[in-house]
């Protein structure tokens, strides 16, 4: 009795403590729920948007829960340092810088005024791109670049059956070569078409003035429903300028060079001379892991080769796709990197046959079709790949990557991510599919086949018995109007063999077992 009285006396204190706990719980729940409501209302997102509006966008954003859109930019400064590079200031002034850290270059100018006095000049014919010393003096440094430039303009004009019209040059002014672009009866029109096409190949898409009348056919609307792509054929060269002048100049950072033209140099026949002389400088890329160890399980671009990314690694799954099809610009770059190890070892044997083998191998590593396709896309003012920036989808949870795709360029700038949104969403879905497929195959490999069969048949048995359970079968007979006769078992006549139910003829019915 005393314990009961003591309990009732302490009840107010217990109630006060319980009430305090309840108040704390209610306050916490209300605060948390209020924060969730603010987040779902979009107020915080609006403040973030207003704060960041107008600022530069990051090229790394989330797609779904674990996938991120990222990019890597390759630094070609060291990769192409030994080869000539080109750039354009405007439609009339174009520059070609010499290899390495040279201070000289070649200036290509389109003008309507001649710089050479015809009476004091000598005429040089088809052998100008073989022996330029007949035209100018003291150009040992410029000779390689000049040969490449002329070879590209003439489109391998030295082949049998090809002829070029004469050009003008003047020794007294150093390196000075002048082309007369005026169409005359003396100048074969096919030759000028080839020269103008070579200029378009060198100078890029912004110089579409090189092409006049074209037969346009097979026009189709693109997937973005904003552009129409047409196949052009039988284009005739055309330009409003009368003269093309090539002369030497000092290099003062005239403009930003385009290394896509330099890659064309490496792929061209005249470029083999550069590769032969500078092979060791050309193959200076390395493969390593994040700690600098040689050749890891996957591919890593070292810090000097990547802009703003430090060391960037890609897993073996993404790289294995490069062995399936030769249709990726990123894979072409990796083939050059991977070739580095054996090439440097082979350079210990300096025989001419070995060098020829190496140069031919380099030429086969990069896809000619891809390179030409991107150059043609540039000429037609269609977004093209310049082999510099590549985008990919990164799974932040598992560290998996998609095969990097080239970030296309249009009008001198990279496309906005929204222009190829369908592509990176498709890549994200493909990465999910690959991961699920690999996980399924991995689980299949760890599971015995007999266990799978047992699981299948047991599941089938369970489903069958489930229907039987729902339907139910009658288990015994009842006398209509009377109680359960169990444990006696009645016959169809309503009697039991033990004699307890001995009067036959009573009506019976089947009854299910009680559950």
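Every residue gets a Cβ built from N, Cα and C, even glycine.
Per Swiss-Prot, the residue from the list 117, 394 bearing the note N-linked glycosylation site is 394. Here Swiss-Prot gives transmembrane segment for one range in the set 433-453, 454-474: that range is 454-474. As stated in Swiss-Prot, the feature transmembrane segment covers range 18-33 out of the listed 18-33, 34-49.
Swiss-Prot gives the label N-linked glycosylation site to one of 90, 131, 231, namely 90. Among the candidates 101, 112, the residue that Swiss-Prot annotates as N-linked glycosylation site is 112.
The helix, strand and coil residue counts that DSSP assigns across the topological domain 'Cytoplasmic' (475-515) are 0 helix, 10 strand, 31 coil. Closest by Cα distance to residue 406 (disulfide bond), from the recorded positions 331, 394, 484, 496, is 331. In this view, residue 87 (disulfide bond) is surrounded by 20 other Cβ atoms within 10 Å of its Cβ, with every protein chain counted. Residue 112 (N-linked glycosylation site) and residue 498 (Zn(2+) 1 binding site) have their C-alpha atoms 130 Å apart, to the nearest angstrom. In this structure the alpha carbons, written CA, of residue 394 (N-linked glycosylation site) and residue 498 (Zn(2+) 1 binding site) are 81 Å apart. Considering only the recorded positions 90, 255, 385, 416, 484, the residue whose Cα is spatially closest to the Cα of residue 180 (N-linked glycosylation site) is 90.
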